[in-house]
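Feature annotation from Swiss-Prot assigns compositional bias 'Acidic residues' to 13-22, 75-104, 122-138, 164-173. Per Swiss-Prot, compositional bias 'Basic and acidic residues' is recorded for 51-62, 105-117. Residues or ranges marked as region 'Disordered' in Swiss-Prot: 1-185. Annotated transmembrane segment per Swiss-Prot: 200-220, 276-296, 317-337, 357-377, 395-415, 416-436, in sequence order, evidence recorded as sequence analysis.
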Amino acid sequence: MADEERDAGLSAADDETDASDDTDQRSSDGDADDADDASSSSDGPVYGRVTPRDETVTHGSDDDASADVAAETGDNGDDSDSDTDAAPDDADDSATDSDADSDDEPRLLADDEHTSHVPEGTYDDSSDESADDVDPDAAADGASPALTGEDEMGGVAPSSVSAEDADFDDEDVGGLVGEAPESDQEMPLTAHIEEMIRRLAVVLGVAGAITLVLFPGADILNALVDTQAAFGVHIPSATDVINFLWNSHIPGAETIVDRRPRLYGPLELILTKLKVAGLAGTVIGLPVFVYETYLFMRPGLYPKERKYYLAAVPTSLVLALVGVLFAHFVVLPAIFAYFTSYTEGTAVVAFGLKETFNLILILMGYMAVVFQIPLFVELAIMMNLVTRRWLEDRRLLFWGAFLGLAFLVSPDPTGMAPIIIGATMITLFEGTLAALRWTGN
């Protein structure tokens, strides 16, 4: 219908403009156009393009009507040809899509299609040959073929492991990894508590016995029996310890009557004797406490941990004893000499027993802890927590920390004791670093 309307419009326009043209000429032109359309249809359809016809159709002639019918028939033939040509194209598109879908689906590769990602020059055929040469009888017996360094994962050959690493045992790990030592046995919680109470009872028994011997046992025994004449040795009592410390630290205490200890309460002497006797019992019983603690933990310790424990604890006790002696011979005499020097001109020196012994015992205990600095530094370096160079680079920070602790914890508000203690801590720290540098650690 669209072709008929288009033909009608074209014929009307041609009638107005070309009315004088010859009818035969128009028919010959129509035949030429039909021949051109036939040739264009034989060449192939042109999609998306409409080619106008130049022929003019009239209604007054049968020849013209037959020409129009022939033209319409040719147009319909062209349309059918174009539809016929489009069908194979659609078939080709569907075939292409099906091929693309089939390429996306996984499929098994043939033997000749397998490729290797190993770079050239890195693959050794000798490994395949050695694998082919494996004795099947040896494989059946469970023996594995010897592996070379190249066959090992990561390229590490077993022969490259040092003898020290080969002798390494899980027990030497130190409890950080691996299983528990063989001596560790499962025990119920009540059994652990009973063992702990039993070992603590031993420690308390030893410390209590020493305390009772010093006070009041020694005083009673010395009053009843002349121990010097009977046993050849004088048993020291708490009173003897108090007199020794007082005469050693207070300047002129033996010659100046006013510098004898003053009592400002009815229980000061008794409490001071108990304090001194208890401190002596604790100090003497401390090795027993360390030994019982080691026996309690020994089943769960690795050999390396036992070695560290047995090396560190006696060293700590020795350092604590050195700190107490340093306080007794250096720190306390200097402090009390300073106290008496600036009070002699204005007042009578009369120290109370309780406050004086509190200061003495606190400073002795403080110096016992301060002298653990070399042990702490050594253990930190041995455990790879820090290095000597790291400590040396931050020495000013440690100096400030030492002085801050000395001024905060010291019982002396005048600043004399904190300065001595801070200088001692810095000296111990620097001396430890110097010793490590000298030994090459």
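Glycine is no exception: its Cβ is also placed from the backbone N, Cα and C atoms.
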With a Cβ cut-off under 8 Å, give me the same-chain residues at least six positions beyond the ends of the transmembrane segment (317-337) that come close to it.
245, 248-251, 286-287, 290, 359-360, 363-364, 366-372, 374-375, 412, 416-417, 420-421, 424
So what's near the transmembrane segment (416-436) in sequence-distant terms, Cβ-Cβ under 8 Å and 6+ beyond its ends?
326, 330-331, 334-335, 338, 363, 366-367, 370-371, 373-374, 377-378, 381, 388, 391-392, 395, 398-399, 402-403, 405-407, 410
Which residues of the chain, 6 or more past the ends of the transmembrane segment (395-415), have a CB below 8 A from one of its CBs?
335, 338-339, 358-359, 362-363, 366, 421-422, 425-426, 429-430, 433
